[in-house]
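Trainee: Here's the feature list from TrEMBL:
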- B:ARG207, B:232-233, B:246-250, B:263-270, B:ASN284: FAD binding site (BINDING)
- B:4-187: domain 'Electron transfer flavoprotein alpha/beta-subunit N-terminal' (DOMAIN)
Amino acid sequence: MTNIVVLVKQVPDTYSERKLTETDHTLDRESADAVLDEINERAVEEALKIKEAGEGEVTVLCVGPDRATDAIRKALSMGADKAVHVSDEALHGSDLVATSRVIAAAIGKLDSVDLVIAGNEASDGRGGAVPAVVAELLGLPQLTHAHHLAVEGSTVKVDRETADEGITHLEANLPALVSVTEKINEPRYPSFKGIMAAKKKPVETYTVADLGIDAGEVGLANAWSAVQSASPKPPRQAGERVEDDGEGGTKIAEYLVGQKLV
Amino acid sequence: MAEVLVLVDQVDGEVKKSTYELLTAARTLGEPSAVVVGAPGTAGKVTESLAAYGAAKVYVAESDDATTYLATPKVDALATLAERVSPAAVLVSATSEGKEVSGRLAARLGSGLLGDAVGVNADGTVEQSVFGGAFNVTSKSAKGTPVISVRPGSIDAEQASGAAAEETVELPAVDPAKSAKITGFEPVVGGDRPELTEASVVVSGGRGVGSADKFDVVEQLADSLGAAVGASRAAVDSGYYPAQFQVGQTGKTVSPQLYVALGISGAIQHRAGMQTSKTIVAVNKDSEAPIFEIADFGVVGDLFNVAPQLTEAVNKRKG
């Protein structure tokens, strides 16, 4: 019996315009369409494959505002068994480390977790470090950026693939934490039956106080790193544009010489 | 002057360019101390080049565990030193592992984390570029020793002489129940071309290239410029070029001196990965392509005419 926890996050759709709120420089979550981050669906898929290969239970864990319920339902309709939703006004504006502490505390509330699976990087913050920080806080081995994952008995093996390092083969004993890349699998679509069943699956809701965390330790006012100012980048101005009259390549070469780029 | 810890990014004794960028940034905050975490004998190979970029001290944390466990030995070394010397800041390259090391270190030290900075200011604040360059943000750490990860390529490395005085640091033994063991490694096979995120010139091809075979037009221009080759998501999804070279929201973020886009329309997904490039040149048949809105120099025309001509002109100039 493998108990798996999958971390999911709702993010603004990258196809819509994303903005920072003018008043407090946090992500303007209202202005963009919210979706289950694509990478999370792959994390859920990987958990379901492990469960289907043996025995296990898949719990979805989401830290986010009330409307993140949609992301949770999506994961449940794919086949996850139950969900934990940490939702608290006090969390607004929490930084990466504080968010990781809340996630770690919520995982700590669950019974005998064998494997934590997350996406390797969310498409909004792109901090890319939440899974590693959660592993640090829980004292678990981090097997991050997995493009292949295998659980053999009490051993977990991962092929870590990153753009800057190449492929690293990793191994650890359970319990462990894995983060997956977008290449690991193609997530299934929820079936109609799955969507109907999801409505009856249990979703437990916690506040930060339920997790034993003081509201004074999280949120924007208590962040360990703070944004002082933010401004939309002045749009890049379109420069010179010419039609190719047979000398287009030469003209680029002249431009590059003029800019001292060649 | 306060020490600033810099984690050295090296592979088998070869120092990555991003380390020199960190040493340069560290000098705006205090006196740079390089931290070498590696197999026994590593420091001997790298000290000289660290001295050339102003490292006043070189902390040597060498052990067999350093190369057989992921990330943990680096976090251990930096945490040990941060507690011992109370540095003004800790700087780490914002690579995949660097982001993880810096996040874990901040959590362990109870410090503010400033991630993926593109500039470091003398007052300890950093500049960040978020949502693929759509917003510029200035941030500061509100607690403890600031832990800063710096995006490779965003700072110009400048030489300076440093004493590079070596000092040994004992690494604690790694607990295998808390760390992933490295059982094998296959480095990126990049051939002679520079690595995408480190390259000062990037030439990318998109859907307009039309096939995998025709990508050699992109490669030839790249080779004439000493550039890395990139590809748009459309080109990767069509099977023209391997995924490891994808530039954009779901691929790599690059910030070179020069970015040449061939047959790339410039969807927002792609722009997110390249619009902080210093100079952008675009070639596209479609005069309405959004890439022209951000290009410093654009040619409306067939890339199969324009690119080979440019390759030839560059080669001729090199003699």
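Glycine residues also receive a Cβ, built from the backbone N, Cα and C atoms like all the rest.
TrEMBL labels come from automatic prediction, so no person has curated them.
Keep in mind that what you see is a predicted model, and the values were worked out from it rather than measured.
If you look at the structure here, what lies around each of the features I listed?
Mentor: Residue density at B:ARG207 (FAD binding site): 17 other Cβ atoms are found within 10 A of its Cβ, drawing on all protein chains shown. Look at B:ARG207 (FAD binding site): DSSP puts it in a helix.
Confidence annotation: the domain 'Electron transfer flavoprotein alpha/beta-subunit N-terminal' (B:4-187) carries a mean pLDDT of 93 in the model.
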Trainee: Around the C-beta of B:GLN246 (FAD binding site), how many further C-beta atoms are within 10 angstroms, looking at every protein chain?
Mentor: 24
Trainee: I'd like the Cβ neighbour count for B:HIS270 (FAD binding site), meaning other Cβ atoms within 10 Å of its Cβ, all protein chains included.
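Mentor: Taking every protein chain into account, the count is 29.
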Trainee: Could you check the binding-site residues B:ILE264, B:ALA267 and say which one's CB has the most other CB atoms within 10 Å?
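Mentor: Counting every other Cβ within 10 Å of each candidate, the maximum falls on B:ILE264.
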Trainee: Listed in sequence order, which of the binding-site residues B:ARG207, B:GLN246, B:GLN249, B:ALA267, B:HIS270 sit with a CB under 8 A of chain A?
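Mentor: Out of B:ARG207, B:GLN246, B:GLN249, B:ALA267, B:HIS270, B:GLN249 lie under 8 Å of chain A.
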Trainee: Could you say whether, by DSSP, B:GLN246 (FAD binding site) belongs to a helix, a strand or a coil region?
Mentor: strand
